[in-house]
Amino acid sequence: MSSETNQPTHGLTIWSTSVFIVGEIAGSGVLALPKAIDNSGWIGLVLIVVCAFASAYTGAILGRAWLIVQSRNPQYQSHVVDPYPIIGEQAFGKFGRYLVSFSINFTLFGVSVVFLILAAENLQDLISHATKDVSFCYFIIILAVALMPVVCLGTPKDFWPIAVGATLATGLACILLLARIIQDKDKHGDTVVHSEQEFTSFFTAFGTIVFAFGGHPAFPTFQADMRNKADFKWAVLLGYMIVLAMYLPTSTSAYFIYGDTVKDNILLTTTDSPITYIVQTLITLHLLFGFVIVINPFCQEVESKFGVPKEFTWKRCVARPLMVLCALFVAETIPRFGAILALVGGSTTTLLAYICPSVFYLKLCRKPRDDTAPFVRDEFIDNEASLQKLDTDFIEVPLWEKILNYEIIFIGLIAGIASTASAIKDIASPSSFRVPCYVDPSKPA
């Protein structure tokens, strides 16, 4: 059988997959990175570029690892809802699967909470002139309820217009936000004061930067919906180049114009104007679209654990709104998106974006193929020399690529531990504590 006959005739293309990647990743980074750069100094701008390329590479080898698993295990040739945990299981057994499953669920759930809080914060600020006495805690509830029907959509290929909307909204918002920041230059003068860098603030900023590029938990789900899964590496590269083009100009201009006056949410720093309101509206739309995209893989895995059918049934209509309610509860409990963002970014996002892809890929390349299982090559179409010998016991990885992966693992491990500790310290700090919304809805406003 030829590879062409085994390729699906429908599914995501390189372009549409990259749109999903941008729609999932961008948004919160546009708002949070300027403060992270202030906390980390000019080196933070370098970290943005490094993290973008490192994330693109690890995203590509994660896709490569999934293709290796599929080629060695025909039972995974059809659509599966949990490809990343399967990669972990093929590399390190049940431990690998459980580690990835927990990390994915923690990350995607945390990202969903961040998006919900940010969207509510933006919405509250947008209409604050008309409803000054309404806390954003109430807007969290309103948005959560409004999102419940949309969350019940199936898999990414079923709601690609949402991904397109998220990407277009963010792209236009970045252009307008950059224009607004540049217009604010005259009001802030030529003398700009920057925050002093400390250990805690620097690694908290690192966690934020990692979070801004860490879409890996959903990547295998996107790849599973592609027509040609071997093209995923190009979709990842294209997606990250678009995200970098969104992040870098706004973060750089905010660093040199606002300095230490920048807030966790850059939109709360810019001068009020029609442009600011348009940007807030566009970013809020992205966050709502992004919420649907990000929580989808989490919903699919939870549903698989509880036997919810893949087909649209009443069980899905009950299960997914319950998951949204859980996100709502956490958002009302810790109404500080920056704290959650840094914690998730420093812990499980670092693990899933920088450590697991490299570790799993190197392990799978060294792991002998099970001779009792039939070898399937139909969907594994890749011209890279390192992947041409899948029918042998192991795959040869060039020395330079081994060194690169070891460096990514080491840096990710050290920085991840430090940034997680810094984020926990920040959350536990009495000076940064906020009363939960259900205790006093007016306090977090």
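Backbone N, Cα and C atoms are what each Cβ position is placed from, and that goes for glycine too.
The model shown is predicted, which means the values in this text are computed figures rather than measured ones.
Residues or ranges marked as domain 'Amino acid transporter transmembrane' in TrEMBL: 11-370.
What TrEMBL lists as transmembrane segment is 12-34 (among others).
For 40-62 (among others), the entry in TrEMBL reads transmembrane segment.
If one looks beyond the transmembrane segment (98-118) by at least 6 residues along the same chain, the residues whose Cβ comes under 8 Å of a Cβ in the stretch are 27-28, 31, 82, 84-85, 87-88, 92, 140, 143-144, 211, 214, 217-218, 265, 283, 287-288, 290-291, 294-295, 297-298, 301-302, 326-328, 330-331, 334-337, 340-341, 343-344, 347-349, 351-352, 356. Here TrEMBL flags 98-118 (among others) as transmembrane segment.
Tertiary proximity for the transmembrane segment (138-155) is limited to same-chain residues at least six positions away from its ends with a CB under 8 Å from its CB atoms, namely 81, 116-117, 119-121, 123-124, 162, 221, 225, 288, 291-292, 295-296, 299-300, 310, 312, 316-317, 320-321, 323-325, 327-328, 331-332, 335, 437, 441. Annotated transmembrane segment per TrEMBL: 138-155 (among others), in sequence order.
Within its own chain, the transmembrane segment (162-182) is flanked in space by residues 16, 19-20, 22-24, 26-27, 30, 150, 156, 242, 246, 249-250, 253-254, 257-258, 266-267, 270-271, 273, 275-276, 278-279, 282-283, 285-286, 289-290, 292-293, which lie at least six positions past its ends and keep a Cβ under 8 Å from the stretch. Per TrEMBL, transmembrane segment is recorded for 162-182 (among others).
Per TrEMBL, the feature transmembrane segment maps to 202-222 (among others).
Annotated transmembrane segment per TrEMBL: 234-257 (among others), in sequence order.
Listed as Cβ neighbours of the transmembrane segment (277-296) (distance under 8 Å, sequence separation of 6 or more from its ends, same chain) are residues 20, 23-24, 26-28, 30-31, 108-109, 111-112, 115-116, 118-119, 122-123, 125-126, 143, 147, 150-151, 153, 155-156, 159, 162-163, 165-166, 169-170, 172-173, 176-177, 180, 218, 221, 267, 270, 323-324, 327. The transmembrane segment annotation in TrEMBL covers 277-296 (among others).
The annotation transmembrane segment is assigned in TrEMBL to 317-334 (among others).
Annotation comment: TrEMBL describes 340-362 (among others) as transmembrane segment.
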Maximum Cβ pairs under 8 Å to the transmembrane segment (12-34) - stretch from the list 202-222, 234-257, 317-334, 340-362: 234-257
Most Cβ pairs under 8 Å with the transmembrane segment (202-222), selected from 40-62, 234-257, 317-334, 340-362: 340-362
Remote residues contacting the transmembrane segment (40-62) - C-beta distance under 8 A, at least 6 residues beyond either end: 21, 33, 84, 87, 194, 197, 201-202, 205-206, 209-210, 212-216, 219-220, 232-233, 236-237, 239-241, 243-244, 247-248, 251-252, 255, 353-354, 356-358, 360-361, 404-405, 408
